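S.K.: First the structure, which I've put down as structure tokens, then a few questions once you've had a look.
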Amino acid sequence: MNNVPSTSRENSRNPSESSSSIQDLLINVEANDLSSVVNEDVSITMSAPPSPATPRKIDFSAEIETPKSTGIRRRLTLKDSIGSDLENDPESTPAIRKPSRISYDERLTVICDSQTSSPLQTPSPSQERDSAPFADVFQPKGFFSFFWEELTRGYSLHNDHARFSEKRRKVYAFLRIPLELEQFLTYGLLQCIDAFFYLFTFLPLRFLMSIFGALLRIKRWTSAETCDFLKVVIIVAASMLIREIDSSFLYHQVRSQGVIKLYIFYNMLEVADRLFSSLGQDIFDALLWTANSEKRFSVGYFIRTCGHLIVAILYATLHSFLVILQATTLNVAFNSHNQTVLAIMMSNNFVELKGSVFKKFAKANLFQMACSDVRERFHIFALLFVVMIRNMTAVNWNIDSFTEMIPDIIMVVGCEYFVDWLKHAFITKFNEINAEVYKDFTITIAFDVIRSRDQSAFSDYSDQVSRRMGFIPIPLSIMIIRVLSQTFTLDNWGSCIIFGIGWLLVFAVKICNGVVMLGQACHHVKRFRDIQARAEFELFRKRMVEKKSKSAPNSPRMSLIDFTDVLHQPAAGKGFTVSDMLSQWEELQPSLLSSEIRRSTDRETAVSHLTARSDERTPRRAVSMAHIPRRDRSEPPPAPSMDQDPQLDTEDPVVTENNTNSNSEQASPVKKKTTAAPVTSSASTNTNATSSDELADVTAYKMPEQGVQRIE
């Protein structure tokens, strides 16, 4: 009787008490798991050294049991048991027992190679702080131990492979700088020679042609002929003014000065020459623009033009006098007895090296310095020519005197070359500039050569060289005329014949130099176009395809570095250059072989579709340089809106089907299922296929729903 009420009393127990007992059971299980893990760690850490006779063997083939996996398995077992208790009769369920395979007295033994090794222990944080790195190395040593260690210690450079590889690459780049620099300077020197010889050969011929053409009324007077006329007037007027200067008096005045005064005077002349060069081209541009922009045959026009012409003549006279002083000072240095003056003047180049190497340089500043070096190199050649003519005239053209001057000339030129090599090598090293940057500079001045041959050129080629490199040939030409007029006199037929032969020789050199220079310019620009096409096709095709927004960004392109002149440099345009491309050539090279076949197939397909659809113009996403002086301004025909599609399908299904197939075949970043409108005759007349031999800029378009518009 007593058992029945007790049973019913247990069955009618409050559910809250049962839930609390389950929570207590879960807490106890988790505590037991935690205690078992802690005991296991403690037993591993604090275990005594095992006996070598009875080592414990570890079965590596068995499944590794971690504390985390053990706890998860126990929780799953506990939940299953609790669920069965709630569903079944609580009395029939046996007591829950913790399934554990870990025994509290079990110890893990680690067998070491050495029988006398200490057990594995984890160092405390205090021990880690107290123990200094390389504690076993920084130990006091005796005399013999230190001696033996110095003899037998070893090291390996492969432990820092990346750093030493980078050092070797920098050394190779440092040694490549003179070669890359000389390629640029040589091509720039050809341009200076072309601009200088132009004043003695083609400018007089153009002047005579314009005068006779205007007198005989064969052709109209143009602005180019006005510029040629003004240049001839400036050269003739300044030459007549320079003839009043006594060069012998200048020579003796300079020679009577001391060594230090000559050194300071020569440095002052160099600084003044650079300042005059930066100002001279602006004066000439102002004169030429005033003579061609104002209303002609008016009083104000003649007053302004004459004022600018007088200023230009005065500038040319002063600059020519400055150059003559430089040549006279250099001649005094050559004729000095101990040549101390010449050595001191040559040391001025190393002072320039000190002032430029340790400055921060960007690519634009390096281009400015390289162009200035081209001008200085041609300038020193002109001065040496004048010194040689003066000395040979003084000794009645004795060959022995010329052989005595050759070592001094070689020393001056060699010092100039050596200082330029060191200067550019250390500037590129300290500023982390790639050696391929000189290819960018060469392409930039080659672009000037091609642009000057265009029919729509805005200036003469000699003026473009002056703006680019700061080289003004007019003062040098006036100095050459002054020296040659003192050296040779045209008082007999023999002198006239020699003068004619010399002029024909200069004329032949000018033509040959122009042909070589133009051929090199075409080669450089063509190479730039090929590299640009490969870069755009291989590196940026995937990114342009993935851009599926309505306004696609401008296609990245390899831009030419464009500078207005040598002393006023704008910021370089964004884009990839040849040096950036060649630095990533290893990434691009493996895919070139596979892409050549694909590109040839794509070109053949494009040509076939272009001839088949001569009345249609498809939008171009990226076209590699096709025409340098102008951008491609042609726009594709507008696409119809969505509400006109049913009508077009019913009216002309044949044209719609053809246009849909052609649009699906073109490489487009966004594929839309829209049908193109029939192309009218006006759209077909505006369609012009771009030749593969031309150069054009890259154009990106955005694709709205109503049509195609170009992003400016």
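Quick reminder: no glycine exception, Cβ is built from N, Cα and C everywhere.
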S.K.: Please find, within the list 44-66, 67-89, 113-135, the residue stretch that Swiss-Prot describes as region 'Disordered'.
M.R.: 44-66
S.K.: Mind checking which residues of the chain, 6+ beyond the ends of the transmembrane segment (402-422), have their Cβ under 8 Å from one of its Cβ atoms?
M.R.: 177-178, 181, 185, 334, 339, 342, 346, 349-350, 352-353, 357, 373, 376-377, 380-381, 384, 388, 391-392
S.K.: What same-chain residues lie close to the transmembrane segment (196-216): Cβ under 8 Å, and 6 or more beyond its ends?
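M.R.: Non-local partners: 225, 228-229, 231-232, 235, 378, 461-462, 473-474, 476-477, 503, 506-507, 509-510, 513.
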